[in-house]
């Protein structure tokens, strides 16, 4: 740091006065956030406090992230001085102080310098020295040598106050007069504030952790003793909508069956739209869905239980699927998986909105980092994308400079390296070297044909091979932004315009919020059992539905039956009914002989045990006599041959002689 050309002696910089009562103020703890999402928008309040009197010189609130919420703060020098600079009236022309308009006016032209107290430098002294015991401790101010610093957190400069300080009649007027005391004086201001100061945060201050207030000392540069003023800067971070505590333990308070009042009858009747195009529409009966022209808001602040939350998730999936291709929902089973991931993302191309102030979507970012472990497809990427993830990018943008907020289109999210968010801050993105992919978020719901489910629950289930399971993400991916629809979504308008898709989005938002609240409850819970239970929270939720008969357990999935009448609530009863119908149809197609094996459980075992010996005995009775006769005849023939051989051994053959031959 550059020292002044004509420094004053160090003895002019010292003053022995006790400020022990400031210790309690200097160690005030700020509100901290445990593992927040870097794109989370908070209500950030910055406060400048007079450490001698404890009064606030300035309090500025703004919405923003912890990376870009650093406003420019304006305050008056007398707000951090109070009455501590009021010199004796016998001192000739002191030229400073805040008790009189003339002193406030003369103080305007006096240079000042500021020294940090958070640096803990021994040579700079303590509060009694204004942290400026020796030259070189100053880091900012308004003096002829212009002190600067590369490591301090703030800069303090003089501001400009508009007004006329000397009236035409020779009298004095202007903002240095307090209008509460001099109400008839022209240009008088509130409190006589005519020494404005401007505080700005440096790049180092934007990167530091403001987990507590930080103090500085301000001193006037004048001949003789330099008066001292002490002030602190602190940050208070509050969520936009503070969470409400419910019950002694927040880990499992919502595991309860669906309420009868909130059950949704999802009966739909197809009709043709009256508008141009003639696309078929859907009419909902008793469905708690907001109209298309009004935003979706919860019907009541009452917390919904596990049954309502998960069934609403499947209900929204069914409505979205039925709106795109009703042929798929004639007879099907929609299954929730019990193992993570519970959601999957489809990378898409879309037009995001670029705003300088946080949009409403930025105010609903979860406080914790939620990870999407499965993202497929190719879409829009922003930031520095590593080579391992470039396969997800069809288009890559470097983003924007400055404090901008990029809001994802309705129904989409940004899947960032730091977590899932509907809105990203470019200040955070540039500072952390993060990258984000624009995705559609879909619940992990699998689609099964009824034959597969019924065969699995049949008593004699046989599988040649595992059937291919389709997920809703593959069937509906790409519909929210009006792009090319995958799977069954071809030929329909964008789901973003339908109430069915809005209900699905509302159900997903409620479920994600419940998962995030469970994480928060786990952080605050002191019960070890709840920590073990929450590790498989979704598995417990699905088990709860299975035990209540609300869904059918298929391997590690919780399945709900759906047809054109809607989503069935009592799925186990529906499963038993369909299995009974399937068995009756199977019995009607069997013959009388095949039916014997289904009448008694022991009959099949008995038949299979004695059938072998009976067949052997029957074969012996049928073919035994023939075989025995052939064997006896063979023996007789052999005996005859032996007898002939014996006779030939006892006699000799006589030679025959022909007399006609010589």
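Glycine residues also receive a Cβ, built from the backbone N, Cα and C atoms like all the rest.
Residue annotated by Swiss-Prot as N-linked glycosylation site (from the set 327, 598): 327. Of all ranges given (542-550, 551-559, 560-568, 569-577), Swiss-Prot attaches the label motif 'CX6CC' to 551-559. Motif 'CXXC' is the annotation Swiss-Prot gives to one range among 316-319, 320-323, 328-331, 332-335, and that range is 332-335.
According to Swiss-Prot, the feature region 'Disordered' maps to residues 245-279, out of the candidate ranges 210-244, 245-279, 280-314. Residues 534-550 are the range that Swiss-Prot records as region 'Immunosuppression', among 500-516, 517-533, 534-550. Ranges compared are 460-480, 607-627, and Swiss-Prot records transmembrane segment for 607-627. Cα separation, residue 354 (N-linked glycosylation site) to residue 410 (N-linked glycosylation site), rounded: 14 Å. On a Cα basis, residue 394 (N-linked glycosylation site) lies 84 Å away from residue 626 (S-palmitoyl cysteine). Geometry remark: residue 430 (N-linked glycosylation site) versus residue 322 (N-linked glycosylation site), CA distance 42 Å. Per Cα geometry, 351 is the residue among the glycosylation sites 43, 58, 351, 410 nearest to residue 394 (N-linked glycosylation site). When other Cβ atoms within 10 Å of the Cβ of residue 327 (N-linked glycosylation site) are tallied across all protein chains shown, the result is 8.
Residue 394 (N-linked glycosylation site) falls within a strand when secondary structure is assigned with DSSP. Looking at 43, 58, 354, the glycosylation sites in this record, the fewest other C-beta atoms within 10 angstroms of the C-beta turn up around 354.
Put simply, of the glycosylation sites 58, 322, 327, the one whose Cα is nearest the Cα of residue 351 (N-linked glycosylation site) is 322. Within the set of glycosylation sites 322, 327, 410, the entry lying nearest in space to residue 58 (N-linked glycosylation site) is 410 (CA atoms).
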